[in-house]
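Taken verbatim from TrEMBL:
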type: COMPBIAS; residues: 396-406; note: compositional bias 'Low complexity'
type: DOMAIN; residues: 20-353; note: domain 'Acyltransferase 3'
type: REGION; residues: 394-414; note: region 'Disordered'
type: TRANSMEM; residues: 20-38; note: transmembrane segment
type: TRANSMEM; residues: 58-74; note: transmembrane segment
type: TRANSMEM; residues: 94-114; note: transmembrane segment
type: TRANSMEM; residues: 179-195; note: transmembrane segment
type: TRANSMEM; residues: 200-217; note: transmembrane segment
type: TRANSMEM; residues: 232-250; note: transmembrane segment
type: TRANSMEM; residues: 257-273; note: transmembrane segment
type: TRANSMEM; residues: 335-356; note: transmembrane segment
Amino acid sequence: MLSTDPVRTISSALRGHDNALGLIRLVLALSVLVSHTWPLGGYGHDPGTGITHGQASLGSLAVAGFFAISGYLITKSGMSADILQFMWRRTLRIFPAFLLVLLLTAFVLGPVIWTLDGHTLPAYFAHSPSSPWHYLGSNWNLHVSTWGILDIFQHSTPYGRATDSSVINGSMWTLGHEWDCYMIVAALVLAGVLIKAKPVVVAVAAVIFAGQIVQLVKPGAMGVVFPPLGDGWFLTLAYPFMVGAVFAVYSRSIPMNARFGVVAGVVLAWTLLTGGYPVVGVPAGVYFVLWAGSAIPGRIRRVGQVNDISYGVYLFAFPVQQTLAYVGLTRLGPAVMIVVASAIVLGIAWLSWRFVERPAMSLKGWGPGRGIAYWVNRVRPLKAVPVFGRPTTQHGAAGDAVQAAGGHEERVPV
């Protein structure tokens, strides 16, 4: 049973790590896996598409939930960091696991499938427009433009045959948009408006909202009116992200309680079933997801607080599902595909977290993570301090301390 205790604001409801947002992210990642089971297994469309009258699939709803939580948390992070710290933290979180899945795809999964198909490894590694080298070179910056390697999975999986293409990891398309949303927050951090000029965040969200409306009314028109917002998919994902960002900067003012949470959930469900989700349902959904993060009680809310494997689940699910389809597991039906894929992906995601993501995140306070002020102080002009009739160099207060102590020459570590 969900906790119905009223809470005063979003900030107090989601204080620190005492919330279930990690659990919700994991559920959302597994929901994407479930959604992809239908097209990857050759079972047809995700059932959610029909229920929502084409407005959204289970997978797209889950991705919107990801962006909503990300908008809130990333903006909160930006409110307590300078631009150097912010960019360093975002890089450490998104790139290590992403590069890992790219490398494993190109140098482990790809060669195995290629040789099982009866080809040679020299042919696999030969330079060509569809080689693993091109795959890495085209995708390393998160803005994915190459989906496959050679003809891997093209003729041997239901999805490959349906699309007549090699697609190894179709989930990666959202990551470039995620990074672009990070850059919006980075610009706001650099401008210093997250705390001092919060209405600017609302204005940015309003621009995204207007773009979403234009895109819905006349697809493609936004690219003519304002080319930077011409990508309809970016608008679709940036909308929940920026709503989450607005909730973050006003988190100490916006009330959050069970009554509002239930109303938001009802509005979300109603718009999904009857229409209006892309406009009205999205902000209701953002509030509902954040409220659920505060309302889920007990020990279950601890899932994901320490070991956040949701990103790994999202990254590795698609290639694992394609591999299971390749070996013929699709014959056993979607339920078996979901269970087997989930078990494998959860294990891989834990390994990714344990040996790649968590060690990378431990570097948050290292180097650039120390912030601009730290490095400015490190390189500020040296102050000359006379010691026994000759100058030596000491930094600021440290030099003054040496002089006050009698001028003994001693190197002070800084």
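Quick reminder: no glycine exception, Cβ is built from N, Cα and C everywhere.
Pairs of Cβ atoms less than 8 Å apart link the transmembrane segment (232-250) most often to 58-74, out of 20-38, 58-74, 335-356. In this chain, the transmembrane segment (58-74) touches the transmembrane segment (179-195); three or more CB pairs sit within less than 8 A of each other, excluding pairs fewer than 6 residues apart. Beyond its flanks by at least six residues, the transmembrane segment (200-217) meets 75, 184, 188, 191, 193-194, 225-226, 229, 232, 235-236, 238-239, 242-243, 245-246, 249, 278-279 of its own chain at Cβ-Cβ distances under 8 Å.
The average pLDDT the prediction assigns to the domain 'Acyltransferase 3' (20-353) is 96.
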